[in-house]
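Enquirer: This is the structure, below, for whatever I ask next.
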Amino acid sequence: LGSVIAYFTSAKFLLYLGHALSTWGDRMWHFAVSVFLVELYGNSLLLTAVYGLVVAGSVLLLGALIGDWVDKNSRLKVAQTSLVVQNSSVILCGVILMIIFLFKTQLLTLYHGWLLTLCYILVITIANIANLASTATAITIQRDWIVVVAGEDRSKLADMNATIRRIDQLTNILAPMAVGQIMTFGSPMIGCGFISGWNLMSMCVEYLLLWKVYQKTPTLAHKSAKVEASELKQLNVKKESDMKPAEGVQLIIEKDVTGFEPQQEKEVGCAARIAEPFITFRDGWVAYYNQPVFLAGMGLAFLYMTVLGFDCITTGYAYTQGLSGSVLSLLMGASAVTGIMGTVAFTWLRRKCGLIRTGLISGVAQFACLILCVISVFMPGSPMDLTVSPFADISARLAGNEPLPTIASREPEMIFATGMPSLLNGSTSPANSDPEMSPEPVPLISVSLLFSGVIAARVGLWSFDLTVTQLLQENVIESERGIINGVQNSMNYLLDLLHFIMVILAPNPEAFGLLVLISVSFVAMGHIMYFRFAQKSLGKQLFVCHTPDPKAAPDSSPPGNTSTV
C-alpha cells in the first residue's frame with residue numbers, strides 16, 4: 001500500500017496527470033472550434049480553413065521565438081505562464097462564441113455585419129494565441145521537465161515518453177467523442193459553456209500539479225544559462241580536437257545558475273530591439289541545422305507530409321469509397337490500439353537494440369506496412385485516374401452545371417473524427433440516404449488495403465516518433481532545448497502545411513492515389529535521412545543489434561557529437 005501511495009504522489013505520476021488534463025482540454029477544443037466555425041459561417045468551411053492556415057503559419061514563424069523564450073526564463077515561470085495564457089484564451093473564446101450564438105441575428109444587422117466579422121477575427125486570433133501557448137507548454141513539459149524528472153536514467157525517460165504518448169493516443173479518440181456527444185444532444189452553445197468550464201477547472205488543477213512537481217524535483221529550479229555563440233565555437237574547436245567515445249552522459253560545459261536568474265540585458269537601441277526577433281529566428285534555424293541529430297529531426301518532419309493518417313482528408317476519401325461513419329470509428333479505434341502497441345514496441349526494442357537502432361527498425365516496419373497502401377492504388381475499386389483534371393469538378397460547379405456542395409457533403413470529415421452522428425443535421429452515412437440516389441457499390445479491396453496499411457504502419461510510426469523525441473531530449477544541450485524543439489515544431493508544421501497544399505492542388509478522389517504515392521515517397525525520404533544519421537552515429541556497428549549493458553550508456557549519442565562526449 002505504501003508503494004502505491006508513493007507512486008500516486010510521485011512527481012512522475014503528477015506529471016502524467018497534468019498532461020492528461022491538458023491534452024484532454026486541448027483535444028476537445030481543437031475538435032470543437034472547427035465545428036463552431038463551420039456552424040457560425042453558414043455551414044461553410046471558409047473560417048475553418050482560415051483558422052488552420054493561421055495556426056500553421058504562426059507556429060512556423062514563431063516556433064523558434066517561443067522556444068527561445070522557454071530557454072531564457074525559469075521553468076516554473078514558463079510552465080505557469082503558458083498554462084494560464086492557454087486556458088484563459090480558450091475560456092475567453094468560449095465566452096465570445098456563446099455571445100455570437102446568442103446574438104448572431106442582431107450582430108448581423110449592426111454596422112452592416114462588420115461587428116460580426118470582427119468577432120470572427122477575434123475568435124480566430126485568440127484561438128491562435130491559445131495554440132501558441134499550447135506549443136510552449138508542450139516544449140517545456142514534454143521536452144524539458146520530463147528529462148529533469150527522469151534524471152540520468154534513460155530507461156525511465158523512455159518509459160515516461162511512452163506513457164505520455166499513450167495518454168495522447170487515448171485522449172485523441174475519447175475527448176472529441178465526449179464533447180461531440182454534448183454538442184449533439186445539447187447545442188453548440190452548451191458545448192462552448194462546457195469547454196470553458198472545463199478549462200477553468202483544469203487550469204486550477206494543472207497549476208497546482210505543476211507546483212507540486214516543481215517542489216518534488218529540486219533540480220527543476222536549476223537551469224543552465226544560455227551559452228554565448230563565441231563560447232560555443234571555442235567548445236566545438238576543443239571537442240573536435242579532444243573527442244572521446246560516447247559515454248551517454250552530457251558533459252557539455254554550461255553555466256548552471258541556481259534558481260536561474262536571467263542575464264542582465266544590455267542597453268540596446270530601438271533598431272536592435274526590432275531586429276532581435278529576426279535574429280533569434282535565424283539563429284534558431286542555424287542552431288537546429290548544426291545539431292548532431294538534425295537529420296533525425298528532419299526525418300521525423302518529413303513524415304508529416306502525408307495523407308496516410310486519420311485526418312479529414314483520408315477519412316473524407318474513405319467516405320467517397322463507401323465506408324460508413326461507424327466503420328471509420330472502428331478503424332480509428334484500431335489505429336489507437338496500434339499506436340499504443342508502437343509505444344510498447346519502442347520500450348522493448350530500445351532495451352534490446354539501443355535507441356538509434358530502434359529508430360531504424362521502426363522505420364523499416366512503417367515503410368513495409370505502407371507498401372500495402374501503394375498496392376491499394378492499383379487494386380480494383382481504386383478511383384485513380386490521372387486523365388481527370390483535378391479541377392474539373394470545381395469548374396463544372398462554378399459554371400453552374402452543378403450546385404456548390406453544402407456542409408452535408410463535406411460533413412463526414414468532422415463526423416469521422418468522433419465516429420458519431422452528424423453534429424449539424426443528423427445524417428450519419430451514405431447508408432442512410434435514399435436507396436434510389438445511392439451510387440453503385442465500390443469494390444472494397446482497394447480501400448481495405450489502404451486502411452490496413454495505415455493502421456499497421458502506426459506501430460512503426462509512433463515507435464519512430466518516440467525514438468526521435470528521445471534523441472532530441474538526450475542530445476540537445478539544456479540551454480537550447482526550447483529553441484531547438486521550437487524549430488522542430490516549425491518544421492513539422494511546414495511539412496503538414498505542404499500536405500494540405502498538395503491536397504488543394506489535387507482535391508478529387510481520382511487523384512488520391514497519386515497523393516498516396518507522393519506520401520509514401522516522403523516517408524521513404526524521411527527514413528533515408530534517419531538512416532544517414534544512424535550511419536554517421538554508429539558506423540560499422542549499425543547492424544550489430546545487441547542487448548546494451550545496463551551500466552553502459554545506450555547508443556543514442558553519436559561519436560564526434562558537439563553536445564555529448
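Counting begins at 1 with the first residue displayed.
Glycine is treated like the rest: Cβ placed from N, Cα and C.
This is the feature table in TrEMBL:
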TRANSMEM  44-70  transmembrane segment
TRANSMEM  82-103  transmembrane segment
TRANSMEM  109-133  transmembrane segment
TRANSMEM  293-319  transmembrane segment
TRANSMEM  325-348  transmembrane segment
TRANSMEM  360-379  transmembrane segment
TRANSMEM  442-461  transmembrane segment
TRANSMEM  482-505  transmembrane segment
TRANSMEM  511-531  transmembrane segment
Enquirer: Where among 44-70, 82-103, 109-133, 442-461 do we find the most Cβ pairs under 8 Å to the transmembrane segment (482-505)?
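Expert: Selected stretch: 44-70, with the most Cβ pairs under 8 Å.
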Enquirer: Is the transmembrane segment (109-133) packed against any residues at least 6 beyond its ends, judged by a Cβ distance under 8 Å, and which are they?
Expert: 29, 33, 37, 40-41, 47, 50-51, 54-55, 58-59, 62, 66, 82-83, 85-87, 89-90, 92-93, 96-97, 99-100
Enquirer: Does the structure show the transmembrane segment (325-348) and the transmembrane segment (44-70) touching, where I'm treating 3 or more Cβ pairs under 8 angstroms (sequence separation 6 or more) as a contact?
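Expert: They do not touch: fewer than three Cβ pairs between the two stretches lie under 8 Å.
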Enquirer: Per the definition of 3+ C-beta pairs under 8 A with sequence separation of 6 or more, do the transmembrane segment (442-461) and the transmembrane segment (293-319) touch?
Expert: yes
Enquirer: Take a look at 44-70, 293-319, 360-379 and tell me which one has the most Cβ pairs under 8 Å to the transmembrane segment (511-531).
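Expert: Answer, by Cβ pair count: 293-319.
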Enquirer: Who are the chain neighbours of the transmembrane segment (360-379) in space, where the CB to CB distance is under 8 Å and they lie at least 6 residues beyond its ends?
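Expert: Same-chain contacts beyond the flanks: 299, 308, 342, 345-346, 349, 353, 445-450, 452-454, 456-457, 459-461, 463-464, 467, 513, 516-517, 519-520, 523-524, 526-527, 530-531, 534, 542.
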